[in-house]
Amino acid sequence: MVRTQTESSTPPGIPGGSRQGPAMDGTAAEPRPGAGSLQHAQPPPQPRKKRPEDFKFGKILGEGSFSTVVLARELATSREYAIKILEKRHIIKENKVPYVTRERDVMSRLDHPFFVKLYFTFQDDEKLYFGLSYAKNGELLKYIRKIGSFDETCTRFYTAEIVSALEYLHGKGIIHRDLKPENILLNEDMYIQITDFGTAKVLSPESKQARANSFVGTAQYVSPELLTEKSACKSSDLWALGCIIYQLVAGLPPFRAGNEYLIFQKIIKLEYDFPEKFFPKARDLVEKLLVLDATKRLGCEEMEGYGPLKAHPFFESVTWENLHQQTPPKLTAYLPAMSEDDEDCYGNVSWPGWRARQVALGPPCTGLHARAPDPRVICSRKGRVSVPLRQACWWL
């Protein structure tokens, strides 16, 4: 996300800065002298505001629904940034001003090695710019698709990094609400950097608010409480963590169907299968995270927080104190990669060779009345209609 705002052209509702974040007109705002400062003390000089011409823009790193992320080199320092660029006119037209403001404000609160860092913001008459740390190795999802599934050592290491990041984030009173492999980037040294905070929620300490009441997220990782109660909590991120651990081992998320409606039905009924060769300790961890009752998930406040989660047998060999200084393991495939032709646009695929264990708990869905699309018509990522999909045999 990016924001910009000039004195002459400022989109309504986009502040120039905030107390907790960098001002939109350049680097972080300088603190004002306090009441006890000398009468004639001069404020420190403000750094020159950054402008687009200060950078050489290169390849496109990613494109969202209303933003583009471009690799840029600062001419004065030769330092590389991922600069998120967004047109003011578009965000106003699409009512995305709160999204942009939220991302800026949340990222300005974070100072942790496992999160993308916001270095500066600036703007011109037409565009907003966020200067972000450059995660050179791209999305975690890319490696899941390339490798197929991670071996136990890799699964443990990257799961531990995500747990460490969530512990920090939740300690700040922030819910991510859209945690998924696409939003977990890998930097040059192969450490994770979590990104995309446009749908994040900062909980209010005054009201002791523990939930965020709006429907956001991605179908395969949405928690059941968001579907039944229309609200998310810190424990909703732990549900997403369980889905990600499953995907690291199996290569696909646990809840898959021909369309979002059917995916939601499976989530609410807790219907998913474990492959026969799923690591036993990882399986136990996933089962303790994919729990319908948000207050019973391992790691949530009602279950004594992150201590019991980090003490789970799956993490027995993990040294938590210096994860960001440990050498990441070489990515090693547990099972071969799946062809894109085997997966539809919802991650749905037929897996022969499974000894399916169906987990079916909870009442049927009562809160969703939308008519489901015809499940026989499934669009693949390459735009074809496939009925049925070609079966994948990579788990045999």
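One-based numbering along the chain as shown.
A Cβ is built for glycine as well, from the same backbone N, Cα and C atoms used for every other residue.
LYS84 is the only one of LYS49, LYS84, LYS88 that Swiss-Prot places in the ATP site (with SER65, PHE66, SER67, SER133, TYR134, ALA135, GLU139, GLU182, ASP196). Which of 86-130, 266-310 counts as region 'PIF-pocket' depends on Swiss-Prot, and there it is 86-130.
Cβ neighbour density within 10 Å is lowest for SER65 among the binding-site residues SER65, SER67, SER133.
Sequence-distant contacts (6 or more apart, same chain, Cβ under 8 Å) of ASP178 (active site, proton acceptor) comprise ASP196, THR199, ALA200, VAL216, GLY217, THR218, TYR221. Secondary structure at ALA135 (ATP binding site), as computed by DSSP, is coil. Fewest Cβ neighbours within 10 Å among the binding-site residues ALA135, GLU182: this applies to GLU182. Shown for the region 'PIF-pocket' (86-130): DSSP residue counts in helix, strand and coil, namely 19 helix, 13 strand, 13 coil.
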